[in-house]
Structures are given as structure tokens and as C-alpha cells.
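Student: Before I ask anything, let me first share the structure, which is written out below as C-alpha cells.
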Amino acid sequence: MGAAPGRRGPRLLRPPPPLLLLLLLLRPPPAALTLDPGLLPGDFAADEAGARLFASSYNSSAEQVLFRSTAASWAHDTNITAENARRQEEEALLSQEFAEAWGKKAKELYDPVWQNFTDPELRRIIGAVRTLGPANLPLAKRQQYNSLLSNMSQIYSTGKVCFPNKTASCWSLDPDLNNILASSRSYAMLLFAWEGWHNAVGIPLKPLYQEFTALSNEAYRQDGFSDTGAYWRSWYDSPTFEEDLERIYHQLEPLYLNLHAYVRRVLHRRYGDRYINLRGPIPAHLLGNMWAQSWESIYDMVVPFPDKPNLDVTSTMVQKGWNATHMFRVAEEFFTSLGLLPMPPEFWAESMLEKPEDGREVVCHASAWDFYNRKDFRIKQCTQVTMDQLSTVHHEMGHVQYYLQYKDQPVSLRRANPGFHEAIGDVLALSVSTPAHLHKIGLLDHVTNDTESDINYLLKMALEKIAFLPFGYLVDQWRWGVFSGRTPSSRYNFDWWYLRTKYQGICPPVVRNETHFDAGAKFHIPSVTPYIRYFVSFVLQFQFHQALCMEAGHQGPLHQCDIYQSTRAGAKLRAVLQAGCSRPWQEVLKDMVASDALDAQPLLDYFQPVTQWLQEQNERNGEVLGWPEYQWRPPLPNNYPEGIDLVTDEAEASRFVEEYDRSFQAVWNEYAEANWNYNTNITTEASKILLQKNMQIANHTLTYGNWARRFDVSNFQNATSKRIIKKVQDLQRAVLPVKELEEYNQILLDMETIYSVANVCRVDGSCLQLEPDLTNLMATSRKYDELLWVWTSWRDKVGRAILPYFPKYVEFTNKAARLNGYVDAGDSWRSMYETPTLEQDLERLFQELQPLYLNLHAYVGRALHRHYGAQHINLEGPIPAHLLGNMWAQTWSNIYDLVAPFPSASTMDATEAMIKQGWTPRRMFEEADKFFISLGLLPVPPEFWNKSMLEKPTDGREVVCHASAWDFYNGKDFRIKQCTTVNMEDLVVVHHEMGHIQYFMQYKDLPVALREGANPGFHEAIGDVLALSVSTPKHLHSINLLSSEGGGYEHDINFLMKMALDKIAFIPFSYLVDEWRWRVFDGSITKENYNQEWWSLRLKYQGLCPPAPRSQGDFDPGAKFHIPSSVPYIRYFVSFIIQFQFHEALCKAAGHTGPLHTCDIYQSKEAGKRLADAMKLGYSKPWPEAMKVITGQPNMSASAMMNYFKPLMDWLLTENGRHGEKLGWPQYTWTPNSARSEGSLPDSGRVNFLGMNLDAQQARVGQWVLLFLGVALLLASLGLTQRLFSIRYQSLRQPHHGPQFGSEVELRHS
């Protein structure tokens, strides 16, 4: 019985349960049956004539015994049961008893004389019969030996590997694990299959293999061999066998090294640096085969010229309806076309050509069987319809053809040099696999014989033939070491992997130790099948192929030869087969190839074209041949083994990305239209439609997000696909159950509606909306009580109404974040910046800017004190929040008239000129468009002018006035919604919004998932960068909004003060909004303390206090648009930092010289190009790369902002020093209502604390907290005073490394 080469072995198994394994090991040996006396040897003369009669008698008896033994083994291997195992062992014992009786008789009669017989055939027969092997053992040990073989076979053949945490899904080696190793490209899935099989089979086999080794050696030593390995090598009748093999291996090694280097490079492209070291061994599970012995299953990854016709005809076989029987008929027809024998009827009647579907456990490893009755020959194979298996079919049928040809030889001569037996079928497979032959049998449409097609074909063959050579060589190197004792059981695994790394250049993909027995995971080890035969075969088959091609009259390269239908070649092959082992194999080989030695030259000739090609490729890539970093090992994948079922096929991922992109544009366009309709006409009907579209979006997000979650992108080489899929995997709110999602959407809509339609009414019945009424009053009124009424009324109307919704909103937002794998919603929001140190980086930036803010705060406080008096302003306390010209005290530019450093200098505000010149909102947008165009950037499209809402409607519609820019995802429809007022402040906002539109237009050709800013702050910064130029007196003069460019020192300080009231005043507010929200999300701020903690942060960072008592019934954060609209706010802090970095870099590009605050990049194409190049990246790269495009470095830094405001900082230091200002607010408990806050409120049992109406206990806790803050602020103030006066004499341009972000207008595109 010839086994198919190990290269065609099985896949993954689960170890037997401990109880089953124990039963296997403890199963009592079968009772010894008695051999039929008629089968025992009689009396023969002790001479050559007697030996001839002895041999004849032995032959007839042996046929009967071997038939029974083989039939029992067949029954067991095609139906593994305890009963069949028992019968197999019984027959093995009988066979061994027969061998013992005849062997001992042969030794007794002929040992003194047999080597002198004149008949060489007779010498060979007697020599074979007298070798008893296991029959030398005493009965008990013989029974133990047979049980070991049966149990090892059973462990291997019934093993399973089970999917983690799923007991129902278990894989057998064939076909399951073999298919996974061949077809999966998932690193983790391959690792799980590989590790599972090696653990499931190897570990339980180790103790059995130790026992087997001892018994086998004991048996063969009694036949005169030093160990079992010596007996196996004796079959090759060559005293220099080992030296010859080593010589041949070294002759072939350069070809293997070049193939290894080429394949390693391709795997590196697929799996990256993490898993492939270009100077190290290849992880053993990545080569398409459980044992990395043949690599043809990864041909699709390494094919040199992928545009050439595919030489793997598997798909064609399937399309044409080939089945297992047809594959064997095709193979039979090849043999008969050479004039060789057809398969007998018994072959077709009795063979197992497919894996049974009746639940039987079988030994799937392909094998050919001789039943020794000269008519029954079978193949056992779990055949699958693949090209690889078509070669296996020819290989196995080669064994059967050998059986048929030598069946009339004596039993002892019905064999051959094992390498011959393995080579015959493969010789034919060399013809079958040629494109010419595949065309003949209808599996290739046409044959292309150009160089590129030849290289493709030869590389495919090399993946099978050359890749196998070191494995074919090392398996028995290891086994011979085990048999000889050089490798003790304590070093089984170490030596196994030493050899595999030394010869194959592979390494285990996971830690292995001596608990493991990885050699046992290879069929031929537990089945005790010698393996060096395959190495010999792989050399011999090319010698045979060359000889047969010459006989067939082939002309041309050896790799193109097809001996199909050559009866001359068949006749030459027949002579080899019929000889069996009746003659020395060297003689048979000489008759065949005209040489009596193994020779690798025909193999080298066959692969010469691809050898040269590989050398050229490797030289071009600077490959290191070999693996000098031989001790390198790959790390384990993240989320292993739980994530093993994820898809890692990049082609499938690309198809997903294309489909997602197509569907996204349609669905989101509809949603954007519905959202626009609602925002520009708030009605019940519009809200219903919007909610429907919201659910449609959620369904789309859920569908495609779950699809995306099937992919493991960790090893994707396509960075774009990887980035898109990772983004789509976040299901956002769509992850919520449907009912909860509907409730969540309704909460968000209700909160935004409350905010957008709110108005406050005077006593006289007149009502005012936020835009423009309340906003204008906050900006222009200087009446303390009027401002107080506006401030308080807005919060009473909006904040209090939103509070009931907010806790549930927090609950749903957190739940969605956690279901998406985040700690909480704050963690989710921060993840958009892809910066693990984001919070620390932001804090560092804030600390860098704090001195500038504290000086501005002190100066503005002094100016307000002059206007409102000591009754309302405490020079050592916080500033009342309603006096700073803005509803949220986030920007202070509207009180510039109160704080102008040099009031007599000409005004910096262009509002008056805009009104006088008849500017309209459209004119403001047209002016912004001109600015972008002057930089070489894109004009807004016609749809923008036709569809935008640039003014608040006068037809009575309720609208969301908050300015926002919109992308409708069709590449041409971009809009702005803004209740624009003709003033200087809104001119800046217009440029900000047009910056969003420009960003949309620049990245419109990217996949939709990447149509975002590099980070949220980038999107906010772009328009503000241009506004820094637009705001300069130089630019305002150029567009006729200022009478002069200014230019004097006083003008500069006035201008910088006005800019600081916008930019510097905003810094702490933009920092604290999400500080508060993140703490709400993480639970450190509870709903009972929403308002208290809000004002604690506003005091801490802004130095502000509420102008009226606040209670926990108030919800002042809710009076800020971004809170009820659930728009993250830290983007604006980031934007305000990076816009100055951008401005500084663009000014350099524009060739600006002089102070940074005087720069105007108008009409600079070079500045525009830098900006466009960064915007075109969208979200396709991490934000530091986009930062580098503009600034030449990847970090966020406050140095540009400090540089911009340095003249003002110097002036403020002088001015505050002159007045003896105390920086900060050491009297932090002061409020405008301090007189009332000293005692309890009348009849309430409550007290005023920090302007909030609290119970006594809450106030006491607050006092302790503020005491601590006061001490901290006092110390900080002392430190800052020293630091600030030193700053005057130092450059404020300090290097900084950190993140970036952008401005106070909502971005609606996502």
C-alpha cells in the first residue's frame, strides 16, 4: 500500500476527550488468534533449491495472510470504530505470527548460505522474509505495538478543531481545515486552524510515540539494524545514501532560497511588518498548507503576471460539472493512452473516492492499496474537485498502475525503491498540469506560450515542487534522530522546529514548547510512513520526465512536455514498473535514464527560466536570501482567538467599500434634503419626515456597519479600505434597539426644536427670538438690567425646558457609545482625533495660552469696572457673564467700544461702512467667494446660490438660525444656512462657513466615508484662516471697508485687541464645554449637579459668574446650541489653535514679511495650493499628515497664536502692571448678589451660593471646594505674576507638539 505524498495531507483536529483518550490507552489488547496450520512453513532443504521451494510456498501463504490483514486495515480506515480497530489488531497479530514463523524458519535454514545464492532474485526474497520487524517482539509487546499504531491512527483521523465558544462548529482535517489553510487569508483564522490542529493531535500523540519508538527500535535491532531508521534506509541499498541526499539538497538549495525570498516579500505586502520579517523565517501557517510543505494554494497572491490566463483550472472543473469519479476516469485515460493498463472492475466497485456522507469517521489521507490477490486494487481519497486534487488523483493512480504491472512478481518483490513508487503518478501529473494538456482535456480555452505565461506556470509548479524539497528532506532527518537517540523525547519539539527553521526558513506562529508534539500533527508520523521517499521522488520524477519526453519525441523546453498518448514513453515506463524490486533500483534507473544515480540536474533544467526570473526579482528588491534573524517570531493578533471568523480578503473589502459608497450617497442625500427642509421651515410635518429619514439613515448605518464588522482590517495593505471600514464599523446611534433609537431621535429633535423656536417676551407683550433680537441686544446694549433680563430670560425659557430631556439623552448617547466599544460617549467623541494623549495635549495647549487670557481678563474687567462701577464689577473677582457682549460670554468683540486701548485711533469695525455702502448678505458671500478664488481655489457652484438660505426668511417661517454649512453628497450641491446680519462679525462668520464649503468641494471626489476634515478642528479652521486675512486693516481697506490700512502702533494694538476679544476670549469657553460634557458622560457629574458643575468650570477657566441666582432647576448649558444639538465642541478649541499655525505657514508661503498679524494671503496661489492639497486629503490620512502638508510638521502648537498676539501681550503686561491688576479672580466667591448671598433666602431654608439657589448642605460642600480652588488659584496667581513679567523679555515662540481644531459654527455635514 503506497501512501500519497504528505504534501497532500489533511487539516485541523480536536483532541479526543480525556476519557476517550484514557480508554484508548487502557483498551486491553485483543486475544491472540491462532494461525491456520496450513499457512505455517513446512520442511525445506537448507540449500538454494530448497530455498526456491521455500519462497514459492511462502508466496502462496503470504497472499492469503496479507489479503486478510489489508482487508481489516481497509475496513478500519474507511469506518473507524472500536470493533474495526480490534479486528485490525487481531489481523496484525496473525500477520506478525506468520512473519515470525516464516522469518525464523528462513534464518534457521538459510542464514549461513543465502547471501551466496546464485539467483539474485531469490536472495532478495529470502532477505525480505528473514526481516521480522515487529514480529521479533514477544506477544505482549507485539500487542502493545499494534495497539499503539491503532490508537495513534485513531487520534489523528478523528481529531477535530472547534470554533471558539461554539461547541456545534467543529472542523475535521479534511476537508475543513485543509480548505481554511488553502483559501483563508485571515492571519488569525489561519493561526487558529494551525494551532488548533497541532494541539489537538500532537499533544495526545507524544506519549504514544515515545512508546512506539522504543518498541520499534527493539524489534529492528533483532534483525541486525542499529535502529528503525537504519532499517528504513536499508531499502535504498546504498551505503552513501545520506551523503547523496545531502549533496542533492545543497544542489537545490539556491533555488529554494530564491523562491522563499520572493514569497516572503509578497507575504510582507499582504500581512505587513508586524507578521513578516524580511530577514527572518516565515510564520508556518501563511503558506497555504497545514505543514507549509507545498505553497501552491497561495499562487493567487504571488502570481508574477496576474493579467495572464489563470492556470488554476479549479473553477472550470466545477463549471463543467466534474466530480470525483470523472477525475479518476480522466487519470485512467492518461495511463491507457500510454499503452498502460486500465483499472480493474474491483477498483471502481470497492474504492472510496469521496468522503462518505453517512457520518462515518474515516482516514481521509489519500492512499493506494494492494490487496495481494492480483486483482483487488483500491484508492481511498476524500476527493474534492480542484486542480490540486487532480494531481493527487494521478499520483494515487500511479501507485495502482505500479501494483498492476508487478502483480505477477513474488509478494516479496511487489514493491520498489519507495521513491520510485511515489514518482510514477507525479511523472504523469507533470504532463497533466501543462497548459497544453489542460487545453486538450477542455480545461483551458487557449494556450499562451509567451515568456510571462511560462513564468506564471513555472512559479506555480515551483510552489508545489521546490517548496516541498526542504520539508521532504527534514521529516526523516528528525525521525532518524529520534530513532538513534540523538533527539530524546525531552527535545522532540525543539529539534523539530530547529530543522524546520534551518531547512525551510519557517517558524511557529505561536509559542511552542515540549508539551507540544508538532511533528505528530503530520500524518506520516503517527501512521509510521517513512518520508524520505518523497524527497527522492521529487528528484526522480524529473529524471523520469526528461527520459520519457525524449522517448516521446518532445522538442522544446522540458516544462512544456506532455507525454499524453505516447506509447513509446508508456513502454519505457512499463519496464520500470514491471520490475518491482526484483532488481537493484540503480539498474532499473539506468535502463530508464541512462544513469544509475539520483541527479537533480533535470529538475534544475525544468525550472531554469523561473530560477533566473526569481534571481532578477530578488536582486531588484534587494532581498536577503535566507533568514539571518532566525530567532524572530511574530506576535499574536489582537483579539485572538475571538476574532478569527472575520474576513481578511481585501478584494472583498474593496467590493464592500464600493457598494457602501454607492448606497451612502443616495441615502444621505435624501436625509440631507429632509434635514434642510426641517431646519429652514420647522413644522410638525417636516419633523415627521426628518424622523423617518433618520430611521432610514440608522438602518443604512446598521446594515453596512454590521457588514463592515465582518472584516478584520488589521493587516490590510490598502490604507484607504482599512480606514473606511474602520470608520463604518462604528454604528453610532444606529446600534441602539429600534424603540430606543426612535425615542433618542425624538429627544434630539425635541431639544433642537425647543432651542430653535424659543422666544422671550417683555411685559408689554413683545417677543424676541435669539436671532437676531437677543443676540443684537447682548451685543449693543450697555444697560446692566436690560442685559440681565435678556440673559436670564433666555436661560429660563430654553435651559429649563431642555433639562427634562437631557438625562435620557445622556443615557442613550452613552449606551450607543458602549455598544460601539467605547468606554462612554466622551471616549467616542475623542476617538475622532486618533490621538491617545488628546486630553493631556489639550490641557498643555490651554496652559500655554492661559497667561494671555488672564491678562486680557484683567484688562477687560478694569474697563467694565469703569463703565458699570464697583457695585457690579469686583476687580479681584469673576466677571458677571452677561456683560461681555455675547449670550455665552464666549467672544467679547462686541464690547470693543468699551475696552479699545486707543479710542481716538480710527475704528477697526467695518460694520458702518458695510451698511453705508449697501452691502447685503449675498454681497458678503460673494466677497468671501472672491477671496477663495483669488487663492486659486474653487468657486461655489450655481446650486449654492440657488439653494442656500443666506438670510432669515421674512415669510414667518420658523428656522434654525444657527449658521451651518451643508454637503448633500452628490458632488455639486453645497449650501449655507445663516441668518446673516450685515456687520463685521457676520462677515467673519461668512468666511468661516465658506471655508466648510471649500473643504466639501475639495474632497468631493473621495469615497464618501472620507469626505470629512482631517479631524473636526480642521474643518472649523479653514474659513477662519481666511478670516484672519480678511480682518486685517490692509484687506478691509483693499475692499473699501476702511479708509486707511492703519499701520501705526496704536492701530496695531487696537486691531490685536479686537482680535483677542474674539480669539483669546474664546479659548477657555471652547475648552470647558466638552470638559463638562465628558464628565457628564463618564458619570463624575450627575444630573443633580449639572448646573453647579457647569458654573464651577466657567468660574475655573473663564473667571465668570452668573449674574443672577442659579439653582439645580436651571440648566444653563442647555442654553448653548451645541448642547441640545449634541454637537461636540472641543473642535472649536482645536480650530482656534491650528488656524494660527495654518496662517503662519500660509503667510510664509505667500512671501509675507513683517508681524504675523499684518499678513493678508489674498491672491497668493502658493498659499492656496498648500491649503487645497491639505483639504483634498479629507479624512483619508491621519490629521498629522494633513498638518504636515500645510505647516511642514505634524504637531499642534500654540506658539503661532502667541506669536500673533505678542505685541498685544507686551502691551497688556505693561498696562496691567501700571494698574497693579491681580491676575485671576482670588475673590472667586463674589457674585453681583453677594449682599444677598451672605444669609439664607427668606422663608426657604436655602442659601444663595455662587449665584445659585442651593440647600445649606450643598452650599457647605461648595464652600470647601471653592476654598481649595482659592488656595490653588492664589498659588497659581503668584506663580503666573512672576512668569508673566519674565515673558516680556523672552520670545513667546516656544516649540510645541500636540493636536489641532476650529470655530464657533456648527458643521452639519456628518
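Glycine too: its Cβ is placed from the backbone N, Cα and C atoms.
Among the features that Swiss-Prot reports, active site, proton acceptor 1 is placed at GLU396. Feature annotation from Swiss-Prot assigns chloride 1 binding site to TYR236, ARG533; the stated evidence is sequence analysis. The annotation Zn(2+) 1 binding site is assigned in Swiss-Prot to HIS395, HIS399, GLU422. Annotation comment: Swiss-Prot describes ARG795, TRP1094, ARG1098 as chloride 2 binding site. Sequence annotations record features per position, and here Swiss-Prot assigns chloride 3 binding site to TYR833, ARG1131 based on sequence analysis. According to Swiss-Prot, the feature Zn(2+) 2 binding site maps to HIS992, HIS996, GLU1020. Annotation source Swiss-Prot lists disulfide bond at CYS162-CYS170, CYS364-CYS382, CYS549-CYS561, CYS761-CYS767, CYS961-CYS979, CYS1147-CYS1159, citing sequence analysis. What Swiss-Prot records for ASN59, ASN79, ASN151, ASN323, ASN449, ASN513, ASN681, ASN699, ASN718, ASN946, ASN1195 is N-linked glycosylation site. The annotation phosphoserine is assigned in Swiss-Prot to SER1303. Here Swiss-Prot flags 1-33 as signal peptide, drawing on experimental evidence. Swiss-Prot lists 1282-1310 with the feature topological domain 'Cytoplasmic'. What Swiss-Prot records for 1261-1281 is transmembrane segment, and it gives sequence analysis as the kind of evidence.
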Student: Restricting the comparison to the binding-site residues GLU422, ARG533, HIS992, ARG1131, which residue's C-alpha is spatially nearest the C-alpha of CYS561 (disulfide bond)?
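Tutor: Sorting the binding-site residues by distance from CYS561 (disulfide bond), the top entry is GLU422.
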Student: Helix, strand or coil by DSSP: which one applies to ARG1098 (chloride 2 binding site)?
Tutor: helix
Student: Specify the count of other C-beta atoms within 10 Å of the C-beta of CYS382 (disulfide bond).
Tutor: 22
Student: On average, what pLDDT score does this prediction assign to the topological domain 'Cytoplasmic' (1282-1310)?
Tutor: 33
Student: How many Å lie between the Cα of CYS549 (disulfide bond) and the Cα of TRP1094 (chloride 2 binding site)?
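Tutor: The separation of the Cα atoms works out to 89 Å.
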Student: Over all shown protein chains, what is the count of other CB atoms within 10 A of the CB belonging to ASN1195 (N-linked glycosylation site)?
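Tutor: Its Cβ has 16 other Cβ atoms within 10 Å.
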Student: Among the glycosylation sites listed here (ASN59, ASN79, ASN513, ASN681, ASN699), identify the one with the smallest other-Cβ count within 10 Å.
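Tutor: Least crowded of the glycosylation sites ASN59, ASN79, ASN513, ASN681, ASN699, by Cβ count within 10 Å, is ASN513.
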Student: Does anything in the same chain, at least 6 positions from CYS767 (disulfide bond), have a Cβ under 8 Å from its Cβ, and if so what?
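Tutor: Expected: ASN759, VAL760, CYS761.
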Student: Within 10 Å of ASN718 (N-linked glycosylation site) by C-alpha distance: pick out those among the recorded positions CYS170, TYR833, CYS961, ARG1131, and say none if nothing qualifies.
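Tutor: Of everything listed, nothing lies within 10 Å of ASN718 (N-linked glycosylation site) (Cα to Cα).
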Student: Quick check for the class: what is the C-alpha distance, in angstrom and rounded, between TRP1094 (chloride 2 binding site) and the residue listed as 'active site, proton acceptor 1'?
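Tutor: Distance (Cα to Cα, whole Å): 80 Å.
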Student: Ranked by the number of other Cβ atoms within 10 Å of their own Cβ, which of the glycosylation sites ASN151, ASN323, ASN449, ASN718, ASN946 ranks first?
Tutor: ASN151
Student: What does the structure give for the C-alpha distance between CYS1159 (disulfide bond) and GLU422 (Zn(2+) 1 binding site)? Integer Å is fine.
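Tutor: Rounded to the nearest whole number, the Cα-Cα distance is 83 Å.
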Student: In angstrom units, rounded to an integer, how far apart are the Cα atoms of ASN449 (N-linked glycosylation site) and HIS395 (Zn(2+) 1 binding site)?
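Tutor: Here the two Cα atoms are 26 Å apart.
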Student: Could you check which of the recorded positions (CYS364, GLU396, ASN681, ARG795, ARG1131) sits closest to ASN59 (N-linked glycosylation site), going Cα to Cα?
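Tutor: Going through CYS364, GLU396, ASN681, ARG795, ARG1131 one by one, the Cα closest to that of ASN59 (N-linked glycosylation site) is GLU396.
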Student: Taking the Cβ of HIS395 (Zn(2+) 1 binding site) as the centre, how many other Cβ atoms fall within a 10 Å radius?
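Tutor: That number is 29.
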Student: Check the Cα distances from ARG533 (chloride 1 binding site) to each of the recorded positions ASN79, ASN151, GLU422, ASN513 and keep only the ones within 10 Å.
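Tutor: Hits: GLU422.
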